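To start, the structure itself, in structure tokens.
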Amino acid sequence: MSAAVSSLVSYGSDSDSENESQSNTSPGKVDPMDPDATAHLKPLQSGQTMSLAVLNSAPEVAVKEAVETGIHLDPSLKEVVYNPTYETMFAPEFGPTNPFQTQQMAAPRNMLSGYAEPAHVNDFMFEQQRRTFSTYGYALDPSVDTHQTSSTGYIGALDEAEKYKGLTVFESGGKKSEKRKKIKGGDAGEIDQFLGPWAKYADEKDVAKPTEDEQKELDEITAKRQKRGRNEEEAPAEEKTILHVKEMYDYQGRSYLHVPQDVGINLRSSEAPDKCYLPKKQIHVWSGHTKGVSAIRLFPRSGHLLLSSSMDCKIKLWEVYNERRCIRTFIGHSKAVRDICFNNTGTQFLSAAYDRYLKLWDSETGQCISRFTNRKVPYCVKFNPDEEKQNLFVAGMSDKKIVQWDVRTGEVVQEYDRHLGAVNTITFVDENRRFVSTSDDKSLRVWEWDIPVDFKYIAEPSMHSMPAVTLSPNGKWLACQSMDNQILIFGAQNRFRLNKKKVFKGHMVAGYACQVDFSPDMSYVVSGDADGKLNIWDWKTTKLYHRIKAHDKVCISALWHPHETSKVITCGWDGQIKLWD
């Protein structure tokens, strides 16, 4: 300890000698004459102890009084070493006052337009006062008692408030109430005496009446109209037929229903051609209809005759081979013919028209055998293809029903009433034990024959109406013309599933029930479209192979001849039927 003190003393004496030359008044220097400044440099006497200064490492903390009086916090501070009060934490920042600040800007605001005091006003009361103010110019003062009825309880036009006794626009009835009373003739209480705006014309003297001659003429006209309406509704059109060939029978006594043997192919054969080819050119046009053709059907099995129905209310029978003449015209509908269907042998056919009649015709003689109607428009008609049920047929009606008739009795024997829209098509499947129907309700239903409850119902949100359906030659597939411009393929056996891999696109048919057909060997699918074109797709790849401009208007139907490799028949709304090869 003594050695350390001696060294300090010597160090201090050296420093004192060095500082003698410097001024005593210089700042920051130790005055050697100050006893307190040099006390620690003196050697310790025996028995004395040296007191060392205590070092306090704790940060400076504001005293309680400073906290209570409030110390301004620097906004840039990141850390506070004491607990400030709420007022201190949220005190406004110090700084220069805004010289441009107005009283409105300095006022407290809790919304964009200023400060709104919390208050509850009934919606009806608010609207009532608003309308009163906009009509009369005064309204109740919300700051005073609402039950006060004096003029001091209102704001705005106090004179008007006194005039109308503070009534609201609903209570007073508005400014036009007096005028209305004068015009209408009284208050609401007098409504029973009000005879209406035509009351002044009630006197018969002021009413113009027809003379006796004019009255007779009017009665005749109304009677004719009523009679005509009854005739159109009740009496069917008169049936007649026109034979266009010279002789109905040939030298052997055979009629035109006999299958020809001299056309180069065996029309009696049930076998389809081995390979089919694309048709390339038009080889014949059947013209005779004066309006659009709605449907065409080939003679069963042989296909040597063609039956066509038209919007000119006529049905015509044509030759497909040899001279391709028009053989017979069937006349018996008063409105456009919608659908036609042969029976299995072709000796009879059914026609459905917009005059609400279904008629059964003899294909050979042209006579109308019987008529059927249920006062609804038939949209499609089909004979039951089963040989034992050739006396039964079904028709899809505009009233959402499928009606089954018996030809022998002419009575309805069954009704299938499950659809939610007009029935468009009926197609028999599964060896004629079932049939499939489509409707405007965008659904497809499958029925067991003679059971009026559908056992299969197919309807998806993405589905569209399918107004034309065709069964494939092998009986496995249903081709459905969908109104979203594509042909959908459903399985026709058991599950009736949609085949998503077989979708035929590329044509425009929205709004038209263009009939689809298959080639006999199942290699092509054909369909008309709204532009009058004949479209041909490949069945396996679903590619659009060929497109032919067939008609000037809608090509409504296309049929591939069942015994020919490349013959296709089309019909359109231009009134023509064309043969392509």
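A Cβ is built for glycine as well, from the same backbone N, Cα and C atoms used for every other residue.
The feature compositional bias 'Low complexity' is assigned by TrEMBL to 1-26. For 1-41, 205-237, the entry in TrEMBL reads region 'Disordered'. TrEMBL lists 286-320, 330-371, 416-448, 516-547, 548-581 with the feature repeat 'WD'.
Residue counts for the repeat 'WD' (286-320) by DSSP state, with H, G and I taken as helix and E and B as strand, are 0 helix, 20 strand, 15 coil. By the Cβ criterion (distance under 8 Å, sequence gap of 6 or more), the repeat 'WD' (548-581) is counted as touching the repeat 'WD' (286-320), at least 3 such pairs being found. Counting residues 6+ beyond its ends, the repeat 'WD' (286-320) has Cβ neighbours under 8 Å at 237, 256-257, 259-260, 263, 267-268, 270, 326-331, 333-346, 349, 351, 353, 361, 363, 515, 553-554, 556-557, 559, 561-563, 569, 571-579 in the same chain. Note: the repeat 'WD' (516-547) comprises 0 helix, 18 strand, 14 coil (DSSP; helix = H, G, I, strand = E, B).
In the predicted structure, the repeat 'WD' (286-320) carries a mean pLDDT of 95.
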